[in-house]
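Here's what TrEMBL has on this protein:
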- ASP296: active site, proton acceptor (ACT_SITE)
- ARG298: active site, nucleophile (ACT_SITE)
- ARG219, LEU220, HIS221, SER222, ALA223, GLN240, GLU262, GLY263, ARG264, THR284, THR319, LYS324: GTP binding site (BINDING)
- CYS224, CYS235, CYS237: Zn(2+) binding site (BINDING)
- 176-340: domain 'GTP cyclohydrolase II' (DOMAIN)
Amino acid sequence: MPLSPNLMEILARARADLRMGVPVVLAGADGAGMMMLAAETVSQDRLALFHDAGGEGDLVLTARRAATLKARVYDGDLARVAVPADAGLDWVRSIADPADDLSMPMKGPLKERRGGDVSLQRLALTLAKSARLLPAALLLPVEAARAVALRENLTLVDGVAAAPSMLLLANLDHVVSARVPLSRAENARLHIFRPQDGSEEHYAIEVGRPDRSAPVLARLHSACFTGDVLGSLKCDCGPQLHAALGRMGEEGAGVLLYLNQEGRGIGLANKMRAYALQDQGFDTVEANHRLGFEDDERDFRLGAEILRRMGFGSVRLLTNNPNKLAMMERCGLAVTERVPLKVGRTAFNAHYLATKAAKSGHLL
Ligand SMILES: Nc1nc2c(ncn2[C@@H]2O[C@H](COP(=O)(O)OP(=O)(O)OP(=O)(O)O)[C@@H](O)[C@H]2O)c(=O)[nH]1
Ligand SMILES: [Zn+2]
């Protein structure tokens, strides 16, 4: 087995670099490529070097973010805005981050770019999202990608091979299992699963010893630090988590997956950005879009895969979200029943739940 990192491991390094504000180099098919910096984490010094390089740098955005900025989109799901020669950090952040959109609506004039292949730009946005950063990237063309990466000691990503590989679900390693008696389900075991791509671990709480040959009472719960841990009244996650475990405790069997897909897959920092936008009057879906995300960025293949690994082939799913049923079926897991989970409604989350019903098809 070679000692050097494979593509998946290089991508994990690239995500860590970007989160720290370190550039990475994306190599194209012809040996040329792009130097990438995440708009959220780029420092003043590195932005200055970006300008000094003298090339034609772009700020790449999702079409969602471009719609809010009224920037023209020529590439379907993404837009490219030329970085003015005198652009400072304030400019970069104000384009990438909608926090001050209302107080500073005039960002332009923006010079959009068009034409040419945008696969490295698309990869850059996927990387920024998977690093749980704002989906916006500074890209500077470089003639010899490998030479630049070597000279500057930067992570070099093979852009051609990376794009399809990022669509794959990483293999999961089962790390450990142990008994954890819970107040709502005393006979519980916690299993830890670790993705081989260096992303967050996910947990399965198995209550009792569910029969693998029958549909299991199951919940796919997405992490919600504010709701699950802090008892936030803005959503219904905490009460749903505890009600689901309670129901499994009463029936004596079940499995709750605690998936670390905080904020419907955008990460806690971005979810808090979305909350700040909600304080400005936008609803949960509009806030995601203004940040440049889709309504829901979760990958539900993960839940299906963990259930399969645990030996389950069919579920009675505790949810109000019909999308989850469809996703499970699409991933080859039979859903024999939807078990509603209507708890935790408060004056603070009535609008949030009504928006989920109106825009995301949740059943009230
Ligand atoms: N982006 C974003 N995420 C949110 C917001 N409020 C809650 N969340 C996240 O939404 C997710 C809720 O997940 P679930 O309760 O598993 O899923 P659901 O789609 O509501 O479906 P149910 O099974 O009916 O609960 C968690 O990851 C929360 O962190 C919000 O305003 N914006
Ligand atoms: Zn929540």
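Keep in mind that glycine also has a Cβ here, set from the backbone N, Cα and C atoms.
Curation does not apply to TrEMBL; its annotations are automatic.
Using a 10 Å Cα-Cα cut-off from GLU262 (GTP binding site), the recorded positions that qualify among CYS224, CYS235, CYS237, ASP296, ARG298 are CYS224, ARG298. Cα distances from HIS221 (GTP binding site) to the recorded positions CYS235, CYS237, ASP296, ARG298 are smallest for CYS237. Around the Cβ of ALA223 (GTP binding site), a 10 Å sphere holds 21 further Cβ atoms from the protein chains shown.
Taking a Cβ distance under 6 Å to any atom of ligand 2 as the criterion, the binding-site residues HIS221, CYS224, CYS237, ARG264 reduce to CYS224, CYS237. For the recorded site, the residue listed as 'active site, nucleophile', the DSSP three-state label reads coil. It is ARG219 that, of the binding-site residues ARG219, HIS221, ARG264, has its Cβ surrounded by the most other Cβ atoms within 10 Å. Mean per-residue pLDDT, taken over the domain 'GTP cyclohydrolase II' (176-340), amounts to 97.
Considering only the binding-site residues ARG219, ALA223, CYS235, ARG264, THR319, ASP296 (active site, proton acceptor) has ARG264 as its nearest partner by CA-CA distance. Around CYS237 (Zn(2+) binding site), the same-chain residues six or more apart in sequence whose CB sits under 8 Å from its CB are HIS221, SER222, CYS224, THR226, GLY227, ASP228, GLY344, listed in sequence order.
ARG298 (active site, nucleophile) counts 20 other C-beta atoms within 10 Å of its own C-beta, drawing on all protein chains shown. When the alpha carbons of ARG264 (GTP binding site) and ARG298 (active site, nucleophile) are compared, the span between them is 5 angstrom. Taking the Cβ of THR319 (GTP binding site) as centre and 10 Å as the limit, one finds 23 other Cβ atoms among all the protein chains shown. Listed in sequence order, CYS224, THR226, GLY227, GLY344, ASN349, TYR352 are the same-chain residues six or more apart from CYS235 (Zn(2+) binding site) with CB atoms under 8 A from its CB. Ranked by how many other Cβ atoms sit within 10 Å of their Cβ, the recorded positions GLU262, ASP296 place ASP296 at the bottom. For the GTP site, whose binding residues are given in the record as ARG219, LEU220, HIS221, SER222, ALA223, GLN240, GLU262, GLY263, ARG264, THR284, THR319, LYS324, the maximum C-alpha distance rounds to 22 Å.
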